[in-house]
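**Student:** I grabbed these lines from Swiss-Prot:
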{"type": "MOD_RES", "residues": "ALA2", "note": "N-acetylalanine"}
{"type": "MOD_RES", "residues": "THR13", "note": "phosphothreonine"}
{"type": "MOD_RES", "residues": "SER14", "note": "phosphoserine"}
{"type": "DOMAIN", "residues": "48-77", "note": "domain 'HhH'"}
{"type": "MOD_RES", "residues": "TYR54", "note": "phosphotyrosine"}
{"type": "CROSSLNK", "residues": "LYS58", "note": "ubiquitin cross-link"}
{"type": "CROSSLNK", "residues": "LYS64", "note": "ubiquitin cross-link"}
{"type": "MOTIF", "residues": "245-260", "note": "motif 'Nuclear export signal'"}
{"type": "MOD_RES", "residues": "THR309", "note": "phosphothreonine"}
Amino acid sequence: MAMQMQLEANADTSVEEESFGPQPISRLEQCGINANDVKKLEEAGFHTVEAVAYAPKKELISIKGISEAKADKILTEAAKLVPMGFTTATEFHQRRSEIIQITTGSKELDKLLQGGIETGSITEMFGEFRTGKTQICHTLAVTCQLPIDRGGGEGKAMYIDTEGTFRPERLLAVAERYGLSGSDVLDNVAYARGFNTDHQTQLLYQASAMMVESRYALLIVDSATALYRTDYSGRGELSARQMHLARFLRMLLRLADEFGVAVVITNQVVAQVDGAAMFAADPKKPIGGNIIAHASTTRLYLRKGRGETRICKIYDSPCLPEAEAMFAINADGVGDAKD
């Protein structure tokens, strides 16, 4: 009897272990989905059961060889494996309390963000040039590898660079500050240069496949909007640009939901030239319009302070109060400003 109870307990824990984290798409085969259909899904960029469950039906039907009936069956089976219904606010609150936050390297900045950069959501940083956007990204690429009790995420970092500003030397300097092996830190950062908006989107499909294979804690896109400013020009292409940008941001949000990674994107600003600019305290606004504003969970506005100091302001957040913090850009990454 005791032996039977032990076996049942072991079975329970194995079920719990399996349901924790993203589930490989091969699990759909155990639910009666044809292996060839699963292969077609994988070739189309779906690497987890969650990715399938979160996808709209028309996206599955657009895959060659997947009929409407097959799409219905696939979605039904995926929904059984992924909890997508209602839950109590108590349960959701419990899940929120388990969210990991990644340190920025500055105690003041972490205090402003109530712990650091939140995993499982999109954080947008925008500001002029030389305000510290890329420097925060470089620091985060190292701190996300730290143990959780040191403010890290115990995972690798993925860095999509669209402006050619990624510098491994900066990572080595930050690694030395935290007592980490420089070669290990560099090995744990997957880097890709984005050359156009279609390529930038294609890189997210590769990112999804890599996140299934290994544990990533952070995905950086620096900058998310730079290529959209060059690939699309004029008001005639504005609608196409915004649709493409919305798809890209939706994919980022899906990766944050699926894998629980912290997604950090940087954004540029544009000067307002309309009549309202005369009365605005700061006539600069982030580009991307409402689409990027709605996609980002937390928006941070960075501006220059005196010397090497920078000021970060909570521009928009569902739970953080509007406030400011000062930080500095040092030789070994982002840190606190000296009085």
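Heads up, the Cβ atoms here are built off N, Cα and C, so glycines get one too.
Give me the structural setting of these features: burial, nearby parts and distances.
**Tutor:** Distant neighbours of the domain 'HhH' (48-77): 22-25, 27-28, 31-33, 36-37, 40-41, 84, 208, 212, 254, 257-258; these residues of the same chain sit at least 6 beyond its ends, with a Cβ under 8 Å from one of its Cβ atoms.
Just so you know, the Cβ of TYR54 (phosphotyrosine) picks up 18 other Cβ atoms within 10 Å once every protein chain is counted.
In the three-state DSSP classification, LYS58 (ubiquitin cross-link) falls within a helix.
A coil conformation is recorded for LYS64 (ubiquitin cross-link) in the three-state DSSP classification, outside any helix or strand.
Taken together, the residues in the motif 'Nuclear export signal' (245-260) have a mean pLDDT of 94 on the 0 to 100 scale.
Secondary structure from DSSP puts THR309 (phosphothreonine) in a beta strand. Sequence-distant contacts (6 or more apart, same chain, Cβ under 8 Å) of THR309 (phosphothreonine) comprise MET326, PHE327, ALA328, ALA337.
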**Student:** Have a look around LYS58 (ubiquitin cross-link) and count the other CB atoms within 10 A of its CB, chains all included.
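**Tutor:** I count 9 other Cβ atoms within 10 Å of it.
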**Student:** Taking the Cβ of LYS64 (ubiquitin cross-link) as the reference point, list residues of the same chain whose Cβ is under 8 angstroms away and which are at least six residues distant in sequence.
**Tutor:** LYS40
**Student:** For the motif 'Nuclear export signal' (245-260), DSSP counts of helix, strand and coil?
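**Tutor:** Helix, strand, coil within the motif 'Nuclear export signal' (245-260): 15 helix, 0 strand, 1 coil.
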